[in-house]
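Lifted from TrEMBL, the feature list:
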| type | residues | note |
| --- | --- | --- |
| COMPBIAS | 249-272 | compositional bias 'Low complexity' |
| COMPBIAS | 283-300 | compositional bias 'Polar residues' |
| DOMAIN | 9-115 | domain 'Calponin-homology (CH)' |
| DOMAIN | 130-238 | domain 'Calponin-homology (CH)' |
| REGION | 246-300 | region 'Disordered' |
Amino acid sequence: MMTEDVQTSREERCYRLWINSLGIATYVNNVFEDVRNGWILLEVLDKVSPGSVHWKHASKPPIKMPFRKVENCNQIIRIGKQLKFSLVNVAGNDFVQGNKKLILAFLWQLMRFNILQLLKNLRSHSQGKEMTDADILKWANKKVKSTGRASHMDSFKDKSLSSGIFILELLSAVEPRVVNWNLVTKGESDDEKKLNATYIISVARKLGCSIFLLPEDVMEVNQKMILTLTASIMFWSLQQPVDEANGLSSDADASPAPSISGEDESSSIGGDLSNLSIDDAASDTTVSSQIDSEVSSMPE
């Protein structure tokens, strides 16, 4: 089992990449230090929930007076509660003091909110309702099933996901040509799982998904990271135009992929509503591409 410090460091990296993908004015070098004056989180909130921040009540760095930092962070907590985040016994001063556990918990809720909003906006023409984790899970299972495969995930913490097979089948379902099954292992040993997990990230990046996780997150079935990965694949799929061959949205197509046995081998939901894709730079991932695609043919 990994130490708490390793997990904390991984999560910090993920949220740092995500925040830097959003296109806000301030660049984050270290999440735990850089969020303590509240300014960066206010910028992020304004990006993912436009109009939520009262800038007249915010203080811009450099901030010399400690109480100004607390004021910024108190506003962050107020906005978080308006967005229905779970913030029981969390105060602005916890961020000023650099409480890592509470900062990570807030950032996860913020990132998840952003993911669900992006998906909701893409599907609003046909659905018009809130998107949930369960919707993403259902979409992924339905997508894989449509290719004639028997794989299924019970939840985003389903231990069978550690092999990488289901996620590769999902990637193949949204774009049959993207997975080379000769490079896929059975995902039984740790080495095989690592090869598959590394290949998943490579394939998802090639597709244009925003990727903020590491191979270890797949191998260890990090529930939060598996959710963001699945949502990113869904986000990419929902943006695809209608499939010419059968007149269906590509999200509804069903192209069978070869079965695996294989030899071996071997980051977004991020960005604002008009800015999304992947580019390997700055610590792995920056985001830049378009989300404004045809949504007239969104699947039911």
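Glycine is no exception: its Cβ is also placed from the backbone N, Cα and C atoms.
All annotation found in TrEMBL is predicted automatically rather than curated by experts.
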Tally of residues which DSSP labels helix, strand or coil - the domain 'Calponin-homology (CH)' (9-115): 68 helix, 0 strand, 39 coil
DSSP helix/strand/coil residue counts for the domain 'Calponin-homology (CH)' (130-238): 70 helix, 0 strand, 39 coil
